[in-house]
Amino acid sequence: MSEETHDAAIRGPIAIQSAILVSGIFGWMLTVTMCFCLSDLDKILDSPTGLPAAQIFLNAGGRTGGTIMFSFSILVQFFTGCSAMLADTRMTYAFARDDALPFSEFFAKVNPYTLTPVNAVWFVVFFSICLNCIAIGSTQTATAIFNITAPALDLSYIAVILAHQLYKNKVRFIEGPFTLGKWGTPLNIISIAWVLFISVVLFFPPTRPITAENMNYAICVAGFIALFSLSWWWLSARRKYTGPRTKNMLQSVETDDIDSPYVTTTGFDA
């Protein structure tokens, strides 16, 4: 999403650091508050609601207060899902625009009226619905899919860091306003080591002894994703993908096809 951000080299890192700082502060406050509201841990874990967090709200605020607090949690989850789908849609469009996805031409199309990648939006919506519907048939399968999110996110971070460390002497990198200088290499190595370690830990089963019921099958999902990605790369993407083809979404639409009230002959209508 930084591609369409003014002064992305400055505002992008600031946004990332601010998000981490704010999330850390409010997350710590929420954790401390929840710990103070704990009463009988066994009853909370065996809650008839099936949701320990909901039982904590009910214990702390009663039926009315607990319902209100839990409703706010649902609202927060909804907006979190919206922001996640926004980011996923933008990434889908970017990869399709760069010919890195199957059916890239279809997903890279920009609607001439809304000037948005509608095909990519509906793909993300449909894919998200399918993932959530899996839980109806198999909770264990859905858990395995959702358990991949944390290690996958961490591994996506170190993929860039590792590539920079391996090719920094072969490719001329232009340092941005935010640089670690001489501390860059040691901190990058620490980051890679930590993520590799914590990713292995996150793939461990939650309890012992390990059985078919409590096994963490996220590693199987990770293996499938890796196999599919590598197969698609070697079979097709490596012949077409040449790197980011940065351009404004408006540039993806032929001028004669634009039929949007949001654009004038001189550009976007303010």
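Just so you know, the numbers here start at 1 and follow the chain as drawn.
Cβ from N, Cα, C; glycine included.
What you are looking at is a predicted structure, and each value in this text was computed from that prediction instead of being measured.
So that you can see what the record holds, here are the features copied from TrEMBL:
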type	residues	note
TRANSMEM	14-38	transmembrane segment
TRANSMEM	68-87	transmembrane segment
TRANSMEM	120-137	transmembrane segment
TRANSMEM	144-167	transmembrane segment
TRANSMEM	187-204	transmembrane segment
TRANSMEM	216-235	transmembrane segment
Candidates 68-87, 144-167, 187-204, 216-235; stretch with most C-beta pairs under 8 Å toward the transmembrane segment (120-137): 68-87
Contact set, same chain, for the transmembrane segment (68-87): CB under 8 Å, 6 or more residues outside the stretch: 1, 53-54, 57-58, 60-61, 121, 124-125, 128
Spatial neighbours of the transmembrane segment (216-235) far in sequence, C-beta under 8 Å, 6+ residues away: 102, 140-141, 143-145, 147-148, 151-152, 202-206
